[in-house]
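Some features that TrEMBL has for this protein:
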- C84: active site, proton donor (ACT_SITE)
- C84: active site (ACT_SITE)
- C228: active site, proton acceptor (ACT_SITE)
- N22, Q55, N75, G85, N86, N168, N201, E219, R220, G229, S230: substrate binding site (BINDING)
- 280-321: region 'Disordered' (REGION)
Amino acid sequence: MSQSRRGQGPLLNFTKMHGLGNDFMVVDAISQPFRLRPDTIRELADRHFGIGFDQLLVVEPPGLPDVDFRYRIFNSDGSEVEQCGNGARCFARFVRDQRLTNKKVIRVQTAKGVIELRVGRAGMVTVDMGVPELNPPAIPFAADRRKDIYTVEVGGDTVELSAVSMGNPHGVLLVDNVDTAPVGELGPRLENHPRFPARANIGFLQVIDRTHARLRVFERGSGETMACGSGACAAVVAGCLRGLLDSRVEVELKGGHLVIEWQGEGSPVMMEGPTASVFEGQLRLPGDPSPRRRKSARQGDAKSGTNRKNHRQRQPVTSRP
Ligand SMILES: N[C@@H](CCC[C@H](N)C(=O)O)C(=O)O
């Protein structure tokens, strides 16, 4: 964050976490005021000038009955998205570590529905990621009908991919070897391909045998990451649709392994994997430049003695997907 904007606003508590090296800044927006602009998220995500993370995860109060929390996700480019599988596991660990709940089964509301997180031993969490969406308009993916494999023109070449939504859109390509796959070249072109109108995460899947696979993912809004949980789920769905994988698969990513289970169409995908908490920190956010808003914030402080109650009602300025 630039020196000129630092140090004028309130202090924010955060935790740095990761799931297989897919790393997160996690913020409790229930117990403290929180609002960030997309450009501030980009600055904080910077690995040289900021904290450095692939995604920002925000814990908010739920907006639905029978749900424990609302889970919001922002990519390092500042865009708000619908799903993050590795983040969901870290979310479960965070809300327990911060004593926001003592439940072992936690229901959270995402922008695309409710997911269930089950806390296991030694930091392991299992997530019910929901039923994969394969209907092209709902992914969204431009196609005249649903297929297991689509042919896509990209820069004069033709590639074959499967299109799957795990709440967020994924394209999955089958490759012989992830080590030599053109992730850096094809990833950004397919991420922004016109057939994915909301952009997409692009997975490169190498099938080892029916129960083992390797995967690299070029993530929408973050670039290639060490691991992508929703990408691993989408890849196993794609591998099953192609008849190459069984219902329980160990997926090797750059940062480690996930176990993914899918019993077939209409069934939810289950993801099991580890979580890690790296450090806790405090950050002074940029101040609010508007004199009118500064004045009303001071009035709020004076009335309540604390601004926690008022801030519970506040929404971040970034928009929902
Ligand atoms: N790392 C994530 C996915 C994060 C969101 C993704 N980049 C998107 O834009 O949909 C995961 O573990 O699933």
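Along the chain as shown, residues are numbered 1 onward.
Cβ from N, Cα, C; glycine included.
With a 10 A radius on its CB, the residue listed as 'active site, proton acceptor' counts 36 other CB atoms from all the protein chains. Here the Cα atom of N201 (substrate binding site) is found 9 Å from that of C228 (active site, proton acceptor). Across the residues annotated as binding substrate (N22, Q55, N75, G85, N86, N168, N201, E219, R220, G229, S230), the widest Cα-Cα separation comes to 16 Å. In this structure, the C-alpha atom of S230 (substrate binding site) lies 6 angstrom from that of C84 (active site, proton donor).
Taking each Cβ in turn and tallying the other Cβ atoms within 10 Å, the top scorer among the binding-site residues N22, N86, N201 is N86. Across the fold, the C-alpha of R220 (substrate binding site) and the C-alpha of C84 (active site, proton donor) stand 11 Å from each other. Residues within less than 8 Å, Cβ to Cβ, of N75 (substrate binding site) and separated from it by at least 6 positions along the same chain comprise D54, Q55, V81, E219, R220, G221, S222.
Residue environment of R220 (substrate binding site) contains 27 other Cβ atoms, counted within 10 Å of its Cβ in all protein chains. In the three-state DSSP scheme, N201 (substrate binding site) falls into the strand class. Taking the mean position of the Cβ atoms of N22, Q55, N75, G85, N86, N168, N201, E219, R220, G229, S230 as the substrate site, the remaining residues of that chain whose Cβ falls within 8 Å of it are D54, I73, V81, Q83, C84, G87, V217, S222, T225, C228, G231. The Cβ of the residue listed as 'active site, proton donor' lies under 8 Å from the Cβ of Q55, L57, I73, N168, G229, S230, each of these being in the same chain and 6 or more residues away along the sequence. Across the structure, N86 (substrate binding site) and C228 (active site, proton acceptor) are spaced 6 Å apart at their Cα atoms.
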